[in-house]
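**Student:** What follows is a structure written as structure tokens; I'll ask about it next.
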Amino acid sequence: MSGAALGLEIVFVFFLALFLLHRYGDFKKQHRLVIIATLLAWYLCFLIVFILPLDVSTTIYNRCKLAVNSSPAESNGSYVTLAPSKQKCFKPWSYIPNGIMPIFWRVVYWTSQFLTWILLPFMQSYARSGGFSITGKIKTALIENAIYYGTYLLIFGAFLIYVAVNPNFNLQWSQLQTIGIAAANTWGLFLLVLLLGYGLVEIPRSHWNGAKRGYLLMKTYFKAAKLMTEKADAEENLEDIMEEVRKVSESIKYNHPLRKCVDTILKKCPTEYQERMGRNMDDYEDFDERQNSYPSEKSLVKLHKQVIYSVQRHRRTQVQWQILLEQAFYLEDVAKNESSATRQFVHTFHSQEPENKIIQYFYTPTVEWYWECLLRPWFYRVLAVVLATFSVIVVWSECTFFSTKPVLSLFAVFIQLAEKTYNYIYIEMACFLTIFFLSICVYSTVFRIRVFNYYYLASHHQTDAYSLLFSGMLFCRLTPPLCLNFLGLTHMDATISHKNTQPTAYTSIMGSMRVLSFIADGFYIYYPMLVVILCIATYFSLGTRCLNLLGFQQFMGDSEMTSDLIDEGKELIRREKRKRQRQEEGENRRREWKERYGNRDDSTRNRAVHTDQKESSFSETNTNRPLSKYTRSNGRNERDRIELLQDAEPLDFNADSINDDPFESDSGRYQPGGRYLSMSRSKIFDDV
């Protein structure tokens, strides 16, 4: 089994990262380099989290072998051999041979650092660039990253000057490497504590609130009101951008040198707008004959960038609106079925996607009712209590992990008890659960946070390239300090435990932080204590209240604005529900019509075709014969069509607009019915 566990985890983590990237990214539409770079960043970060427990168990076994083979003498510190009967070491099932882990950590760590500090920032600027050539995009990316790279070089230079001026240190390459690692870990630890303090409170609270059906439904109504405002804003913005594209397309004809750039912009536009603009491009004229002011290439680059952003935002809001509608309809169905006497879950609307037959066989309406109405609320409550217990242990350990005599960190106590009995399975499970919970608290915040419309991870393949690359950067910067913090909590880091023992392979790659004593003895130990203040602020929703006071509407139960937005969202959901019911009723009537009159209509159509052919051949010889008997066969068909028109669904004149398609309106612009209460600044930190 030597090395088998390492190989299995490498394969498993790859498919895990691939699955998550497929959920948020779009493999068909996004550039392959963006997908590969993001996948590599996510994969390396997840790999560090999963492999680190194996490194801990292997290090404990190596310490045991070292203790068996040698022991320090009391006189001069030399080593003498112990009898094998005094102590015996058992090799763990996941033991990794010596020499593999240092090479593995060195490759993984420096690859992730190259991605987060050099490659991914450059690719971000390249992806958002509106250039029409590779050279133009590279030039734009270099200019945008000049300030970015200069800032970090300035920080690194400050650390370098500090070490060079200090007479106690001899500046060597290994120390320069340690300074760079310390600078990167300091920045990552600063951000790590902020995200961890939010996740330790919000994750248990979100699961506890998940058991409250009324709470989830009210929050869904609130999201619907805000999303409708964003959706209307995205449609209006797209219309404005498309109007500019239309003017540019009409001014720059086919024989203009910049026409290729215009064609590139048109390919990024939605199909409806492409067809509309193509109707007015039939004329050919020489651009030299008319003294018109044509847009420059720089303005076309800016327009190209705006088109990419507006189309992506419009597509994302449309998909999110449909997903939110399904969620609202399902929560309303759960509320209705809770009082069902038959104990069978009844859906208002059938699922639009075909269900799996195996799931449909086992997940019957009765099973669904018991799970949704009885078991699921209690399961979420129990899970919330377990997660809250883990959060309390983490907060306590973060405040006491620097104490070695006595050992106050609970994670260190658990690991040291298992180390005495060499129970490697327990050691690996305890380490994995600890670092996995810390990773969930940090990574979930990265997935949920939103910074205006520049960074937003949207599921169902709606995340843009910029946000995917930015998430990869955050993961690569947060994972190394997260692992060092975990090793400090378990006292596996010699800097924290103050023991002259064999370090883990991961800490040996990081180097000795004693080069910068004020960071090793100060910042790394006392800064994580701030997680207590952040947890208290998150528990009382201080950040949410501050954003609400600044005008960014957040979901708060005691706010009048929240109540108004809930009522507005409830009305929007009711309107969409009524619209979908009318559509289903119309489809049912058409299906019944086809089943009842389909064969008769086909036979009538065949007779009419045969009659027309016979009429055309007969009219050549006798044009004066009346044609009434040839038209009499269509009488029954006409009566059937009249009946169908009489059964047509009535129009809902109370709706905002009869035509819901913004592309089919006369003015070509979507007009929302009224001003929403959430039209103010409401697009920052929707969930944070």
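The backbone N, Cα and C atoms fix where each Cβ goes, and this holds for glycine too.
In case it helps, TrEMBL gives these features for our protein:
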- 6-21: transmembrane segment (TRANSMEM)
- 33-52: transmembrane segment (TRANSMEM)
- 103-126: transmembrane segment (TRANSMEM)
- 146-165: transmembrane segment (TRANSMEM)
- 177-201: transmembrane segment (TRANSMEM)
- 224-251: coiled coil (COILED)
- 378-396: transmembrane segment (TRANSMEM)
- 425-446: transmembrane segment (TRANSMEM)
- 523-542: transmembrane segment (TRANSMEM)
- 576-688: region 'Disordered' (REGION)
- 582-617: compositional bias 'Basic and acidic residues' (COMPBIAS)
- 618-634: compositional bias 'Polar residues' (COMPBIAS)
- 635-644: compositional bias 'Basic and acidic residues' (COMPBIAS)
**Student:** Can you tell me which parts of the same chain pack against the transmembrane segment (378-396), counting only residues 6+ beyond its ends and a CB-CB cutoff under 8 A?
**Tutor:** 196, 200-201, 203-205, 207-208, 210-211, 408-411, 437-438, 441, 489, 531-532, 535
**Student:** Cβ under 8 Å to the transmembrane segment (33-52), counting only same-chain residues 6 or more beyond its ends: which ones?
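**Tutor:** Distal contacts: 6, 9-10, 12-14, 16-18, 20-21, 25, 27, 104, 108-109, 111-112, 115-116, 119-120, 123, 127, 431-432, 435-436, 439, 465, 468-469, 471-473, 475-476, 478-480, 482-483, 486-487, 506.
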**Student:** Quick check: do the transmembrane segment (425-446) and the transmembrane segment (177-201) share at least 3 Cβ pairs under 8 Å, counting only pairs 6+ apart in sequence?
**Tutor:** yes
**Student:** Residues sitting near the transmembrane segment (103-126): Cβ under 8 Å, six or more positions beyond its termini, same chain?
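**Tutor:** Contacts of the transmembrane segment (103-126) (Cβ under 8 Å, skipping residues fewer than 6 from its ends): 6, 33-34, 37, 40-41, 44-45, 47-48, 51, 55, 137-138, 140-142, 144-145, 148-149, 152, 184, 466, 469-470, 472-473, 476-477, 479-480, 505-506, 509.
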**Student:** Against which stretches of its own chain does the transmembrane segment (6-21) lie, if we need a Cβ under 8 Å and a gap of at least six residues from its ends?
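**Tutor:** Long-range Cβ neighbours of the transmembrane segment (6-21): 35, 38-39, 42-43, 46-47, 50-51, 54, 94, 96, 100, 104, 468.
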